[in-house]
Amino acid sequence: MSYDYHQNWGRDGGPRSSGGGYGGGPAGGHGGNRGSGGGGGGGGGGRGGRGRHPGHLKGREIGMWYAKKQGQKNKEAERQERAVVHMDERREEQIVQLLNSVQAKNDKESEAQISWFAPEDHGYGTEVSTKNTPCSENKLDIQEKKLINQEKKMFRIRNRSYIDRDSEYLLQENEPDGTLDQKLLEDLQKKKNDLRYIEMQHFREKLPSYGMQKELVNLIDNHQVTVISGETGCGKTTQVTQFILDNYIERGKGSACRIVCTQPRRISAISVAERVAAERAESCGSGNSTGYQIRLQSRLPRKQGSILYCTTGIILQWLQSDPYLSSVSHIVLDEIHERNLQSDVLMTVVKDLLNFRSDLKVILMSATLNAEKFSEYFGNCPMIHIPGFTFPVVEYLLEDVIEKIRYVPEQKEHRSQFKRGFMQGHVNRQEKEEKEAIYKERWPDYVRELRRRYSASTVDVIEMMEDDKVDLNLIVALIRYIVLEEEDGAILVFLPGWDNISTLHDLLMSQVMFKSDKFLIIPLHSLMPTVNQTQVFKRTPPGVRKIVIATNIAETSITIDDVVYVIDGGKIKETHFDTQNNISTMSAEWVSKANAKQRKGRAGRVQPGHCYHLYNGLRASLLDDYQLPEILRTPLEELCLQIKILRLGGIAYFLSRLMDPPSNEAVLLSIRHLMELNALDKQEELTPLGVHLARLPVEPHIGKMILFGALFCCLDPVLTIAASLSFKDPFVIPLGKEKIADARRKELAKDTRSDHLTVVNAFEGWEEARRRGFRYEKDYCWEYFLSSNTLQMLHNMKGQFAEHLLGAGFVSSRNPKDPESNINSDNEKIIKAVICAGLYPKVAKIRLNLGKKRKMVKVYTKTDGLVAVHPKSVNVEQTDFHYNWLIYHLKMRTSSIYLYDCTEVSPYCLLFFGGDISIQKDNDQETIAVDEWIVFQSPARIAHLVKELRKELDILLQEKIESPHPVDWNDTKSRDCAVLSAIIDLIKTQEKATPRNFPPRFQDGYYS
């Protein structure tokens, strides 16, 4: 219930609701609640006494009667469980005085204020009604002036003089320089006498691409866009850029050449740049010809006559500062067949850019299978193919493997052949359904064909096996066969995820054979400690066989030279976004033909190899050519903001021009979410908040959390949380030590009931250990199962975020630990409130279920009903919560719907940083609700005070976003300081103050 007041605030003179004024009644009164749901035990008529159903009901009606009665019980239980929002008399009087003091100022301003949290009621397009109002022309003039002022503010925000550190290299001029041209030519000629260069030249000459150098250079010179396709190992990534640069230098035009080559992964950008530098007998970066730039890390080449390898995101960042990429002569988009979201967007941007940069050369490099599609997208531009350089690889399908090793599964019962088939997980795609129908239709004919070519026992096993599961026992049997019957060589096993990798590792280690020092078994996954994974690149001593168990990271991101045998499990973990239910899903999908080809190629790098595909021939014939492009299976909010900050036009229009446009439903859902976040106005233009969020290199909700961390002066811990959510948390899980790792994580959690604060505690403990020296840092990471590399990355990201905030004016120092930005960093509840401000409306309700044996907690969301906290969370076994609400970062459906990264939050967190507030009465219970479903008990006068204080917060936050500057906490008489202090005080003192539980401290040789 809203209230338009014209009187002073006070305990007896406050706004009155339909239920009366503020005069009497205790702040948390419950009188009469229990009576409302009692009585009526036999009120159903007939023989319904003692809670039994009426006698005239039959069959389904009886069930419905009991269901209705249970629903009433649940509703009443929920009423009784509601937390009470209260404040003591002293704070109530202080807030009344505060609201009175700002009343006069607010009366002079328009009442059409913008709420960050309830854009349905207020927005940038809100109009003040002028009908039947005296002096309406004057009001219209005022509104026009406000709109003009708004445009001026937007101009200032957009054009604030701040250049991201990652963009500095691009903005260096690239003018032709005759003196430099001559020097570059002389340096290249000298290199040809350098023994290191000569040695590398011998290697380069063996690559298939080297023999096509003239043809490639001529094609690029004579066309604005060229598509180059080639197999793995042909040399296209390392050689084409060098061909272009050397051609320019030899023609005396070296200073005019500045090549930028994009890579889909950080590791690729670094490794390729270092390889090219080595081939040119140079060190990487240091002002030489070749360098790299990835987020927060770079070794930059010289300004002109150079090659820069960078991640795709770096170029998208550059476009904010220079939309024409005016200093770049050649842009090479590599690995475009992977179809990640950023590369798809960049292709469309570059396609538009060609209309303004006739001098820009664009080279698209892809695997062979779909080069034609890219050529068509760029107006049928010319294509050229470079043959691969791999040894022959013998391929086997599932039926071949079973016949070869005579495998018999443990389970003898006949399987349900078509239980799920192509419809893995919950991915509801029409193509998958169609392929499932085809598979089912063709299966009988395929079995008859198998019986003509394979033994009866093999066909029986094929029919017996579960088609939708990876048979790990089969993989163990196949590895044993290779070890005992085949020649030496490393074995690479592809599995979809951590659970499969862990289980296979355990199965192997349970056998005496694999426990010996004749085997080196290496799991390869992002959750594994990096130090263990470095062994994967080292060749083993004679007599030792290496077995690598990996996800699809080993398809393209890394090369293991000594692999001879590849076991393709046939599955890949893929994330999709269900627009109808607004939920991400992750499931094990069948690999595509492109995946299978990449996996096969891993076996033939240094000698002839073998590839075992663990799916049958019918399945192989129906595999998709490629994985679904990322743009079609991911939320689009961050991309929508990028489109607007780059001024690429209307969101839906731009996205419709991509090679594979996302669905209208996905686009509209993302736009709606951004409007709810108040990042876009009703005309789909960026709001001041939207501009700031678009410039932060994170997802919008995390960006909002960062801004609130600055405004509420708890910057350092909030930046740690933001970095972790946008990159990954620093925890690792060594195989066999999962339970110990979980215990250590809960130890770091202390009593916070927060995954987010657990990461903060881990990070702060690492910082303290690092200050003491390398040995202490190493011991700390070892004891708490932390990755020092990830922690260092989080540290670097925090510095980048602070740079953004300084450039935008939100803080006065680029140091995340600046005391002025961390006044409230030692209070857990303020940090939780800021987490809530960023992640809302990702809220779940906790309900305690008192079972006969032990307490249990059930968790519900508004849209999904019953969900589960992810097993990795510190809250997974928690039953003693202070409050009934969790805020979470990610909701994903796998085997169940899981909440990832969750934190317990208090009522005041949700009231001040949640959605729209309403004041209601539920029977005899006075309530205050957030978005109508998060309901608390509250006396009416307290509810009105909270609602009015929230309005003041919304006004203040909007002013801070439009004109960013740090809060002056010393100016206690200012409105900003008074409003924020009052809210902080309420959050800090609800129930009882909760001091931060700090990370383990090093004492007497131990962390405690």
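The backbone N, Cα and C atoms fix where each Cβ goes, and this holds for glycine too.
Secondary structure at R605 (ATP binding site), as computed by DSSP, is coil. The ATP binding site annotation in Swiss-Prot covers G233, C234, G235, K236, T237, T238, S557, R602, A603, G604, R605 and rests on similarity to another entry.
What Swiss-Prot lists as compositional bias 'Gly residues' is 16-48.
Residues or ranges marked as domain 'Helicase ATP-binding' in Swiss-Prot: 217-387.
Per Swiss-Prot, the feature domain 'Helicase C-terminal' maps to 477-647.
Residues or ranges marked as phosphoserine in Swiss-Prot: S161 (among others).
Annotated phosphoserine per Swiss-Prot: S963 (among others), in sequence order, evidence recorded as a large-scale study or a structure entry. Counting every protein chain shown, 12 other Cβ atoms lie within 10 Å of the Cβ of S963 (phosphoserine).
Look at Swiss-Prot and you will find 106-386 tagged as region 'RecA-like domain 1'.
As annotated by Swiss-Prot, region 'RecA-like domain 2' applies to 387-628, with the evidence given as similarity to another entry. Taking the region 'RecA-like domain 2' (387-628) as a whole, pLDDT averages 84 in the prediction.
Residues or ranges marked as region 'OB-fold-like subdomains' by Swiss-Prot on the basis of similarity to another entry: 841-905. DSSP assignment over the region 'OB-fold-like subdomains' (841-905) gives 0 helix, 38 strand, 27 coil.
Feature annotation from Swiss-Prot assigns motif 'Nuclear localization signal' to 517-528.
Residue with the densest Cβ environment among the binding-site residues G233, G235, A603, R605: A603, by other Cβ atoms within 10 Å.
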